[in-house]
């Protein structure tokens with residue numbers, strides 16, 4: 001009986017002890033909300049978040065704190081980073097941000113945190129008789145925009161600058177008018193075609209950085225243009241693809257940007273297709289070369305596009321189904337007013353409806369029918385004339401051999417007769 005009472009008392013004691021221990025632990029984990037007790041614990045710019053037995057300071061963009069995230073948020077001086085505003089830009093630090101001041105002749109296209117890049121406005125200057133019809137007023141507008149963007153002085157009052165979307169619409173409309181003119185009056189000279197393509201190229205390089213949307217597309221009955229723009233703090237990477245009704249471009253952001261050290265804070269890639277330039281020809285060609293696809297211009301923010309680090313792929317839809325293997329070509333003006341050339345472009349796949357071209361540079365591209373036939377004709381002519389030359393040589397050699405044999409034969413007969421006469425005389 002005494003043992004039972006003893007065990008009962010021991011059990012009660014253990015129960016009371018465990019209860020006191022649990023009560024003590026609960027009192028030990030009582031949370032203190034530091035965010036309420038010390039409202040300024042994260043500084044003027046940080047946001048305090050209670051985490052249960054602790055807290056953390058959340059800092060907005062442009063601010064930071066130490067690794068434990070329990071110190072005040074302080075401003076990041078981005079101007080301490082080399083090259084943040086480009087080679088000629090002047091960095092001005094702000095609370096939680098910064099902005100780049102560009103000297104005259106440089107611009108960041110109105111994006112204050114982009115690097116300052118040089119902008120040449122002379123290329124938009126028009127000269128009487130040297131500009132294609134309809135492009136005079138458009139190039140003058142681009143030049144005024146350019147002069148304002150690169151902090152140059154304009155004479156007279158300045159108007160509000162048109163947006164990138166407005167400028168792109170004007171470019172497409174002007175290109176449409178010129179394509180209609182080509183349709184009604186026939187193809188122009190090679191030099192005029194070169195002038196058109198160069199004008200579109202320099203216009204796009206000014207317009208694309210001014211666009212506000214990441215993707216911009218305009219399609220008319222004559223022109224289809226799509227522009228993809230990225231504005232990231234660090235250079236984007238990976239594949240990029242643009243597609244329209246007749247063509248598809250496949251490349252990478254590494255190719256679009258080029259040298260990462262020259263990344264300007266934005267990157268763009270453009271696919272512009274001409275629906276009514278199927279009669280586009282070079283006037284220096286004596287062969288009737290026919291386009292089998294729409295002509296298209298590819299442009300990127302990378303200014304060095306003559307020798308790309310990676311090949312681009314262009315998928316063309318044929319204007320008409322054909323079993324003839326087309327040639328991948330681009331418009332080249334390196335050695336004259338302009339010709340279709342296949343240098344740097346090869347066909348990697350072709351069927352009756354589509355052809356995929358792989359190219360090591362950027363320009364205006366198309367599929368051409370006639371180049372290979374022209375080459376084949378030239379090779380056939382060369383073989384033919386070679387055969388004629390060999391045949392004539394054989395004939396001449398045959399005549400010489402025949403005459404020589406006759407001469408030797410007559411000489412021998414003459415010698416024999418002389419011997420016979422001498423013998424008769426002796427008798």
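Here the Cβ of each residue, glycine as well, is placed from N, Cα and C on the backbone.
According to TrEMBL:
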DOMAIN    31-74  domain 'EGF-like'
DOMAIN    75-117  domain 'EGF-like'
DOMAIN    214-375  domain 'GAIN-B'
TRANSMEM  382-405  transmembrane segment
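Remark: secondary structure over the domain 'EGF-like' (31-74) totals 4 helix, 11 strand, 29 coil, with classes taken from DSSP. Secondary structure by DSSP for the domain 'EGF-like' (75-117): 3 helix, 14 strand, 26 coil. Residues 95-97 of the same chain lie 6 or more positions beyond the ends of the domain 'EGF-like' (31-74) yet place their CB under 8 Å from a CB of it. Sequence-distant contacts of the domain 'EGF-like' (75-117), counting only residues of its own chain at least 6 positions beyond either end whose CB sits under 8 Å from a CB of the stretch, comprise 45, 60-64, 149-152, 209-210, 231, 261, 263-266. Per-residue confidence over the domain 'EGF-like' (75-117) averages 90 (mean pLDDT, predicted model).
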